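Structure first, then comments.
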Amino acid sequence: MDILRFATAGSVDDGKSTLIGRLLYDSKAIFEDQLEAVERTSRDRGTEYTDLSLLTDGLRAEREQGITIDVAYRYFATPRRKFIIADTPGHIQYTRNMVTGASTADLAIILIDARKGVLEQSRRHAFLTSLLRVPHLVLAVNKMDLVDYSQERFEEIREEFTAFASKLNVSDLTFIPISALNGDNVVSRSQNTPWYLGTSLLHHLENVHIASDRNLTDVRFPVQYVIRPQRANDHAFHDYRGYAGQVAGGVLKPGDEVVHLPSGLTTRIASIDTFDGPVEEAFPPMSVTLRFEDDIDISRGDMIARPNNQPHVAQELEAMVCWMADGIKLTPRSKLSIKHTTRTARALVRDLHYRLDVNTLHRDEEATSLGLNEIGRVSLRITQPLFVDDYARNRQTGGFILVDEATNGTVGAGMVLDAS
Amino acid sequence: MLQRDYTTSQLDVLEAEAIHIMREVAAEFERPCLLFSGGKDSIVMLRLAEKAFWPAAIPFPLMHVDTGHNFKEVIEFRDRRSVELGARLIVASVQDSIDQGRVVEETGRRASRNRLQTTTLLDAIEEHEFDAVFGGARRDEEKARAKERVFSFRDDFGQWDPKNQRPELWSLYNARIRKGEHIRVFPLSNWTELDVWDYIRREGIEIPSIYFAHTRKVFERDGMLLPDSEVVQRGDDEPLFEAVVRYRTVGDMTCTGAVQSPAATVEEIIEEIAATRITERGATRADDRSSEAAMEDRKREGYF
Ligand SMILES: Nc1nc2c(ncn2[C@@H]2O[C@H](COP(=O)(O)OP(=O)(O)OP(=O)(O)O)[C@@H](O)[C@H]2O)c(=O)[nH]1
Ligand SMILES: [Mg+2]
């Protein structure tokens, strides 16, 4: 059984949390005590129906305000797949938490309230999912019960969204009319939408093909930790020196010729070790330990690749940055700490080329700063070379975070462009 | 040519993720420690730590916050396992905190040392200057836990601020803190109860005997079966009886309930859990029942 990670997105009150509650409930992933607690709270508040959003809105403040503030992670499994759900907030103030939830997603469900149509926040989230290269997108037109399950309304929204999406990088887009509250087309196809010929949402989640979303072509192994046993009486491993990490791309095999960066020295993989014994190959997302035939000085933050397929060694970076700080702004000359794979360095913002208006995708080249939840294209200079790929090619070796050195807060998420 | 599709099973994905998290902590922090209670989640976490650093030893000590009200089978297991691994075990004792006047023992029938543990834990973190503390909590356990990051920042009072968590993107964890602050790290964040059991079966991991069906003298309170023990106060209206039970979670004896179950092997436990309709904390933990936000409130104060 494999794992599908998906995130919900969309504007406030479009029904994201209710949908997750519905999926969990209908797939029998809700336990009796959880349901009882939710029923009790709904009753206490005078809600006539069981408010399924309470299943994921777990914080006191969220339940008091009836909104989602931070991502909730929930889990369920069907005989076909295990699902990890990130239920993200729709409120613009909490966009950074939406970005947190979407960064690891294989699929995003953007909800739209059928009465309201495509809103600014729907466009913002669609843009962010495409920027984060979430490979599969579902547009769920929700609250169909409130528009009499009208096919016409569904088609209108589909057209409007398709027009917007044509300006984004969306490779796989599916439209489904649903009612999260009543369960139409969530787990099984609904009789209320005879005109809809597609599958239910759950059926789609169970069957969407994700195996080929990983990069199995470009060998990338960021060295995370050097393993040198120092048990005094352990002669068997006295000279052991292994390089531990999680494979970020490609397939590695013993005997393969590899290159070490930054040195540029080549060697061969002597063995791929794990606690359970050596393995014949390693690929994403395996965590393994490599040993090499030659003695090379290798430390955390270094990269292993293939001599004929190397990442870019860059001290100057072009990137899209999503700024996530309250208060502090990103401006030219900002100095920040940058973490990319296992390497941490300092970054200087050399230039802010433009700020993006997520509604129109207009580039404002006059912009002089990025504030909370704003997105723009920047040039960075890094104190040490980083080993990067285009984010579009590899999310692991193309993504980085920016940390403010005064507050230690994570203030930016970056995606490498035009690595060359 | 046959095309290999390089799929990975869910347990392999979860294991790889947890190992990555543990190595990240070992690389980025000066003084990490791993909370080891002898319960199933921390036992799995310990196995993952073994795997992450093999053939080297686990590069950090283990710590247990001992309420003095723990099951003896679990304490024996804890001690034996630490010795087998050659790991240093630090025991932080709630009794010591009481003796030193740091906390005051609750009184009455429902007295529990559960909440007192937070002070003992935070004092120990401060005393040993730990900057990263591994916990075995899972997001599927409880609705406040479902909100927590893998690297969860704690201020110098050990507090969690759920409304102001650091964004956490991809698998890039922000390890920067100031002196006195620390990070709670949850490598099992994405595991479910069933994943933990499937892993215990797959790896053939030993667990304390109280997880398996056994005959025990118990009494009923609030629909939970509490054990007969000198540390649990029982009223005259709470008669003892013998039952075949097992534990789904192991915590403090005063607030951890047993479930009636004939499951005597890991396979039988997995079957039982796959069919159950009640969450593990709902079935067994009095500490979560006190109010709707009981866990969130305790976590804000610095609880596990
Ligand atoms: N009639 C109807 N109401 C719905 C449907 N889905 C959700 N709602 C209601 O819409 C309101 C908002 O739902 P939530 O699930 O909290 O919305 P959300 O998108 O999670 O909101 P945020 O997380 O705060 O952005 C609640 O009152 C729901 O009961 C639907 O399909 N039909
Ligand atoms: Mg919500």
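Just so it is clear, glycine is given a Cβ too, placed from its N, Cα and C backbone atoms.
Record features, source TrEMBL:
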BINDING   A:10-17, A:87-91, A:142-145  GTP binding site
DOMAIN    A:1-214  domain 'Tr-type G'
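All features noted in TrEMBL, drawn onto the structure.
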{"residue": "A:G10", "record": "GTP binding site", "Cβ contacts under 8 Å, 6 or more apart": "A:K16, A:G90, A:I109, A:I110, A:L111, A:I112, A:Q121, A:S122, A:H125"}
{"residue": "A:D13", "record": "GTP binding site", "Cβ contacts under 8 Å, 6 or more apart": "A:I67, A:G90, A:D113"}
{"residue": "A:T88", "record": "GTP binding site", "Cβ contacts under 8 Å, 6 or more apart": "A:A7, A:T8, A:A9, A:K16, A:T68, A:V71, A:N97, A:M98, A:T100, A:G101, A:A102"}
{"residue": "A:H91", "record": "GTP binding site", "Cβ contacts under 8 Å, 6 or more apart": "A:V12, A:I67, A:T68, A:I69"}
{"residue": "A:M144", "record": "GTP binding site", "Cβ contacts under 8 Å, 6 or more apart": "A:A114, A:S150, A:F154, A:P177, A:I178, A:S179, A:D184, A:N192, A:T193"}
Neighbourhood of ligand 2 - binding-site residues from A:D13, A:K16, A:T88, A:H91, A:M144 with Cβ under 6 Å: A:K16
Other CB atoms, at most 10 A from the CB of A:K16 (GTP binding site): 29
Helix, strand or coil at A:H91 (GTP binding site) [DSSP, three-state]: coil
Candidates near ligand 1 among the binding-site residues A:D13, A:K16, A:T88, A:M144, judged by a Cβ under 6 angstroms: A:D13, A:K16
Three-class DSSP secondary structure - A:G10 (GTP binding site): strand
